[in-house]
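Q: A single structure is presented below for examination.
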Amino acid sequence: MNKLYWQTLGEGKTHLVLLHGWGLNAQVWQSIITRLSSHFTLHLVDLPGYGRSQGFPVLTLKEMADIVFSQAPEKKAIWLGWSLGGLVASRIALDNPNNVRALITVASSPCFAAHEAWPGIKPDVLKGFEQQLSDNFHRTVERFLALQTLGTQSAREDTKALKAVVLAQPLPSVETLNGGLEILRTEDLREQLTTLCCPFIRLYGYLDGLVPRKVAALLDARYPDSPSVIFRHAAHAPFISHPDEFSETLLKQCEALSILA
């Protein structure tokens, strides 16, 4: 089996695994590492096919979750996933109820695609991205990154930061990226997450154009024991646009649920 790239940092007693989103890699967390490393031992990974974790075929969500969990340096951890990484973390939490201490999703949805009475990204838009990747790889990735920061005061700087993360490591293949878009287009974990055993924290950006804020209220009703926080001035990447507020909120939520060691 191919090996995933893992990096472990920090000196806290609580283990926190960070899973990045579509098109990115583990460097996306740089803005919060120093803020969290005294509270957690952080485990950063490049998901299969992304960054330094090359040589993987196109994977289903279940396959990706299984590979990440099996190679994790510490399994008894809080699993935090951003965007697509939120689906991976959710799948891991559902499949490994005795190991996962808590699940935290950031700017993520158990169902990214819009359906009747469910806000999200129109499936044909995701399908269109798949086609555009084949036509103009770099332009499509740039467009997707720009969508993630749209509306924030620091949108231009945040997009530049995301682009730098992408370019700093080996680029994922068109096939890997299309596989990720297919997961976003087709996966629906809404019902399964009602059976989740561990604490579940959800963090959102008020200005997020990919995961509409209405999702938070709908899931508040569906998962009454799961606290949610909406960052008023953030979009799809609150830990980049508002790293201090994000880190403070994360710690407060973990303390409130008594999941810090």
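Even glycines carry a Cβ here, placed using N, Cα and C.
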Q: Out of His236, His242, which one does Swiss-Prot list together with Trp22, Ser83, Leu84, Phe144, Leu145, Ala146, Leu147, Gln148 for substrate?
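A: Within the candidate list, Swiss-Prot flags His236.
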Q: I'd like to know which of the recorded positions Trp22, Ser83, Leu84, Leu145 sit within 10 A of Asp208 (active site) at the Cα level.
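A: Of everything listed, nothing lies within 10 Å of Asp208 (active site) (Cα to Cα).
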Q: Take the Cβ of Leu84 (substrate binding site) and count every other Cβ within 10 Å, whichever protein chain it belongs to.
A: 25
Q: For the substrate site as recorded (Trp22, Ser83, Leu84, Phe144, Leu145, Ala146, Leu147, Gln148, His236), determine the largest distance between any two Cα atoms, in Å, rounded to the nearest integer.
A: 16
